[in-house]
Amino acid sequence: MLVLGLETSCDETGVALYDSERGLLADALFSQIDLHRAYGGVVPELASRDHVKRMLPLIRQTLAEADCVATDIDAIAYTAGPGLVGALLVGASCAQALAFAWDIPALGVHHMEGHLLAPMLEENPPQFPFVALLVSGGHTQLVRVDGIGQYELLGETLDDAAGEAFDKTAKMMGMQYPGGPEISKAAMQGVAGRFVFPRPMTDRPGLEFSFSGLKTSALNTWQQCRNAGDDSEQTRCDIALAFQQAVVETLTIKCKRALKQTGLKSLVIAGGVSANKALRASLESMLGDLRGHVYYARPEFCTDNGAMIAFAGCQRLQVGQKEDLSISVQARWPMEQLSGL
């Protein structure tokens, strides 16, 4: 089965072709980072308009790269949520229109299920069951995964997602959007130990997260330094390092608890923050001590992309899941509501 995948949940337009027998044939992506940078964050209306502009050219590019034509495609998978409603509607409308024109099925895919399954596109994919850490700008969740569609939420953030905390902290210190990579880059030049921030909710049982207080601690420290006349680049880097260390250690502690609670030895990390090298190193060290394994997608598939949507959709389409031609998207969509295969 050859599936065309469309991703438009936020500020990346992603298109890919995945074949159930040959694997990933082609993928193309257009990032809107430059478009939104001047505003310090994603502007929903601008995101939607740019998806409209990019979608069809990217589909043509992907078909050409895979040496395929429209009649070769067996089905279309598109992101139906969660995400920005206007942006989601662009992908959904395009998918349903093409499905009608080409007389093939279309299926809306859960954005975070796409992220969760992205490591399965790698040469050494994880095997069920495993614990997944979904960590991005909009989500920070620990999920037990027993199969596709078989998800048990173990814990999630009570306020800011980890990626959101990265972005907001970077913005408060005058760094460019997106803030996560900027914090990581600055942290490489930071001096360890100059600042120490709390590891939120690690002093109590449970698998919930909270990052708003940590963000506030970083802001207060930056303001205190500025008030004292020290707003140097080195101070910014030192705060970035301390902030990143706090987030990474918090996520690592919670992942270790989740593995102990479930008795599992395999951990999947997915979502934009999973590309963070410090986080990967910390989790790999922790899993090494437990004689377990950690899995993640290649860096370009950690952020939003069409490949993960094409793959996730293919798994469901192959067992006959499909929908009518109505267009329905969801800004919020608990993953536990998904059906199992």
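Just so you know, glycine gets a Cβ as well, placed from its N, Cα and C.
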Inset, instruction - Let me know which member of Asp289, Asp304 Swiss-Prot also records as binding Fe cation at the site of His111, His115. - result: Asp304
Legend entry - Further substrate ligand in Swiss-Prot, beside Leu134, Val135, Ser136, Gly137, Gly138, Asp167, Gly180, within candidate set Asn227, Asn276: Asn276
Inset, instruction - With Val135 (substrate binding site) as the reference Cα, tell me which of the binding-site residues His111, His115, Asp304 is the closest one. - result: His115
Inset, instruction - Grab the substrate binding residues from the record (Leu134, Val135, Ser136, Gly137, Gly138, Asp167, Gly180, Asn276) and give me their largest CA-CA distance in Å. - result: 17
Inset, instruction - Measure from the Cβ of Gly180 (substrate binding site) and count the other Cβ atoms within 10 Å, all protein chains considered. - result: 26
Legend entry - For the binding-site residues Leu134, Val135, the one whose C-beta sees the most other C-beta atoms within 10 angstroms: Val135
Legend entry - Whole-number Å value for how far Gly138 (substrate binding site) lies from His111 (Fe cation binding site) (Cα to Cα): 11
Inset, instruction - Identify which of the binding-site residues Gly137, Gly138 has its Cβ surrounded by the largest number of other Cβ atoms within 10 Å, counting every protein chain shown. - result: Gly137
Inset, instruction - List, in sequence order, the residues of the same chain other than His111, His115, Asp304 whose Cβ lies within 8 Å of the centroid of the Cβ atoms of the recorded Fe cation site. - result: Glu7, Ser9, Thr79, Met112, Gly114, Ser136, Gly271, Asn305, Met308, Ile309
